[in-house]
Amino acid sequence: MSADPTLIPASPSEDDYVRQVREATPPPLLSEEDPFALFAEWLEEAGKKEPNDPNAMTVSTVDADGMPDSRMVLLKDFDARGFVFYTNTQSAKGQELNAHPKAALLFHWKSLRRQVRIRGTVEPVTEAEADAYFASRARHSQIGAWASDQSQPLPDRHALEKRVAEMGLKFGLGKVPRPPHWSGYRITPVTIEFWRDRPFRLHERLVFDRADGGWTTKRLFP
């Protein structure tokens, strides 16, 4: 028995498909003028939705052989000058950034289905900036910065705990100064790309490129 052709739904027309896509997608990105304002807006939204560390970001560098290296760190500050994080400057990432002062950042907010990719040049923050941020850290974190030879071989967990205890005794109840090997890096972006999920994998990509002291924008195919 053949099927009744009247019971088989007709394939949607091109106009029907376009209408479905438009009805299912959110409005376009609001700002195409200031990437930092748009980033601040997205970060604020992430702070309300992400269960942990909405300021977490991947920092990608290259080593002496050109081999890429990535790790998660926490964004601690940003403004029109760039994006700042703090670390042990003798760590693997610190040495790589000192030798090759360029980096890529990636923010991925799964709860929002959004990501931001940043590429730029790197420079150390000022001594005053590093001192101010270190002073704001919890005391145990300050002591940990002295105790950990970050990225160096560790014989066992006890060795680290012993170092922490030794540093705790050394500083007692007094102020813990910032270690000379602990500071921050600022990534000054040359490119910032905002990506937002849309139905049917027709995602939205908006790219800001630095040019003549300002920004140019372009959209990319998903």
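Glycine too: its Cβ is placed from the backbone N, Cα and C atoms.
Copied over from Swiss-Prot, here are the features:
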{"type": "BINDING", "residues": "R71, M72, V73, L74, L75, K76, Y86, T87, K93, Q115, Q150, S151, W195, R205", "note": "FMN binding site"}
{"type": "BINDING", "residues": "K76, Y133, R137, S141, R201, L202, H203", "note": "substrate binding site"}
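Structure coloured by features recorded in Swiss-Prot.
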residue	record	DSSP (3 states)
R71	FMN binding site	strand
Y86	FMN binding site	strand
K93	FMN binding site	helix
Y133	substrate binding site	helix
Q150	FMN binding site	coil
W195	FMN binding site	strand
R201	substrate binding site	helix
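For the binding-site residues R71, R201, H203, the ranking by surrounding Cβ atoms (within 10 Å, all protein chains) places H203 first. In sequence order, T87, N88, Q90, S91 are the residues near Q150 (FMN binding site), counting only same-chain partners six or more apart with C-beta under 8 A. The two recorded residues, L75 (FMN binding site) and R137 (substrate binding site), show a Cα separation of 14 Å. Using a 10 angstroms CA-CA radius around Y86 (FMN binding site), the binding-site residues that qualify from Y133, R201, H203 are Y133. A Cα-Cα distance of 19 Å separates S141 (substrate binding site) from R71 (FMN binding site). V73 (FMN binding site) and Y133 (substrate binding site) are 15 Å apart (CA-CA, integer value).
Here W195 (FMN binding site) is compared against the binding-site residues K76, R137, R201, L202, H203, and the shortest C-alpha distance is to H203. If you take the Cα of L202 (substrate binding site) and the Cα of K93 (FMN binding site), they are about 35 angstrom apart, rounded to a whole number. Cβ neighbour density within 10 Å is lowest for L202 among the binding-site residues V73, L75, L202.
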